[in-house]
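According to Swiss-Prot:
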ACT_SITE  ASP55  active site, nucleophile
ACT_SITE  ASP57  active site, proton donor
BINDING   ASP55, ASP57, ASP245  Mg(2+) binding site
BINDING   GLU103  CMP binding site
BINDING   GLU103, SER124  N(7)-methyl-GMP binding site
BINDING   SER171, ALA172  substrate binding site
Amino acid sequence: MGFDEKREPTGGRLRLQDIPALTQDHCRMRDPAEVERIINEFVIGGPERMQIVSDFDYTITKQRTEDGGAVPSSFGIFNACQSLPENFKAETDKLYHKYRPIEIDPHMPIAEKVQYMIEWWTKSGELTSGFPFDQSEIDQIASKYTHALRDRTHEFFADLQRLGIPTLVFSAGLGNSVVSVLRQANVLHPNVKVVSNFLQFRDGLLDGFQQPMIHTFNKNETVLNETSEYYDLVHTRDHIIVMGDSIGDADMASGVPASSHIMKIGFLFDHVEANMKKYMDTFDIVLVDDQTMDVPRTLLSLIEKQHKLNLEAPKQSSL
């Protein structure tokens, strides 16, 4: 049965003004009425129609820590491994300092950025070839940064597991690092799937990354094989929360049916004023320097509250 626009949550239509997490100064919206509409659709649809699609670097992890310490990217964790060749870090640093400014440049069109991202990932793959590597080193480095997940991330992932909501972690970074951090932080639950760039080996030596290459501007659900187990799990779930920290992340749900209801949440930290308009035009909710999972958790709590009311209603009517 399709969504009935006239239906409302059992307790009445939810209003943004009654949801404290969404009325704070750092929580910006281009179209509050649209956000309110989507929230009500999510709440009516319940957890069985939900899925989450999230970036990893600086989305699940913080963009800054309270003590000012740096949070490495998933590739940064790999680059910190001691057994890498001496020139490896220097060469990857050169690539980072060349291409990262392009990735976050608020003035360059995305179509132009794509070619640079392909260059970056291709050159990174070429550097990551021809030497032995023990993957347990990634675990050793990753263990130091499990504290760098956004505040209340553990609770957020526990909520998702409890509600049976499939969660796709989509990363243009290094999947081996992503999996290691999530596993050691005890949030890699059975409902969580990681799609990313994973190391591959040939004859005991590193041989770049497995295909397909996933960069900032091509990661979306169209890369999920229609015969895959995860595709079977989510292709009927048409209520989607998308979370990311870069403009390209907003397209991670591309490939889902046009009838889907999608809430896009953007975490903005770099070049706030210069990026604000683009983020506001791209995301439904823009969170400025918010290092928590409070807003997505709030959405889940609203969905769960209505779900419980729905479960209780038949019991009450039978009394």
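A Cβ is built for glycine as well, from the same backbone N, Cα and C atoms used for every other residue.
Listed in sequence order, LYS113, TYR116, MET117, TRP120, THR216, SER246 are the same-chain residues six or more apart from GLU103 (CMP binding site) with CB atoms under 8 A from its CB. ALA172 (substrate binding site) falls within a strand segment according to DSSP. In space, ASP55 is the closest of the recorded positions ASP55, SER124, ALA172 to ASP245 (Mg(2+) binding site), judged by Cα positions.
Sorting the binding-site residues SER124, SER171 by the number of other Cβ atoms within 10 Å puts SER171 first. Using the Cβ center of ASP55, ASP57, ASP245 for Mg(2+), the list of other same-chain residues with Cβ within 8 Å runs, in sequence order, PHE56, TYR58, THR59, ILE60, THR61, SER171, GLY244, SER246, ASP249, PHE267. In this structure, the C-alpha atom of ASP57 (active site, proton donor) lies 7 angstrom from that of SER171 (substrate binding site). Following the DSSP three-state reduction, the secondary structure of the residue listed as 'CMP binding site' is helix.
Annotation note: SER124 (N(7)-methyl-GMP binding site) sits in a helical segment as assigned by DSSP. For the pair ALA172 (substrate binding site) and SER124 (N(7)-methyl-GMP binding site), the Cα-Cα distance reads 12 Å. In this structure, the C-alpha atom of ASP55 (active site, nucleophile) lies 20 angstrom from that of SER124 (N(7)-methyl-GMP binding site).
Distance between Cα atoms for SER124 (N(7)-methyl-GMP binding site) and SER171 (substrate binding site): 15 Å, as a whole number.
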